């Protein structure tokens, strides 16, 4: 599943050729995604300018004078920026055709992604029901050790589940939660409420560092993800524990283990990461 670094890589990739550009037309080949793609956007957004391409958590925000398109890549989606006339491939579901000769194309084999519309008359896009309860951005000043420590007090959920809760902080998905906990020396099953102030500070710093490094490397490609230019994410080469069960810990040489938490795989070194 594309996580925050992959979505930010996508935003940065489409922005140079799409921001401040005018939409010529929108082609909906298959609107049956996680939620139905609203057919009205094809008429509503014709000849409308994309003022800004932003991001909130894992949602890309294409902001126009009439409102905002919210695009989520789901489990297997890619958003490409291509020259008009590029051959349509299997699972190419939505095209946003621009007057400058480019097209923003959503490809989503599993169709868990979404293209949603938030009208300007409904208020700011931050009020959209999918965005209104999200926690702070992990690379913002709002996400800091004081905030994290206070929110974790008395919490009896595992620290990994706590980190991955988008109401606490957005975008720290499974790959990056595993990597941040490893660098912090914290076992993924440790209760969030048991972390010390120092451990919270260390973990927050590592979440920020891991996500920033992943963005710099273009995200992580395990199977499906490609950047808008068609390149894979190279952070996969930097992974310490994720997907490496049975391999040697890069810090101590012990065997990396794998367990299942809330239906998600956790990878850790029992020697380096204490409960």
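Cβ from N, Cα, C; glycine included.
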Which candidate from 72, 91, 187 does TrEMBL annotate alongside 110, 155 at the DNA binding site?
91
Mind telling me which of the recorded positions 58, 91, 110, 155, 264 has the densest Cβ neighbourhood, counting other Cβ atoms within 10 Å?
58
So for residue 3 (active site, proton donor), how many other CB atoms are inside 10 Å of its CB?
23
Express in Å, rounded to the nearest integer, the largest CA to CA distance found among the DNA-binding residues 91, 110, 155 named in the record.
42
Using C-alpha atoms, which one of the recorded positions 58, 91, 110, 155, 264 comes nearest to residue 3 (active site, proton donor)?
58
On a C-alpha basis, identify the one among 2, 58, 264 that is nearest to residue 110 (DNA binding site); the candidates are the active-site residues.
2
With DSSP as the yardstick, break the domain 'FPG-type' (240-274) down into helix, strand and coil residue counts.
0 helix, 15 strand, 20 coil
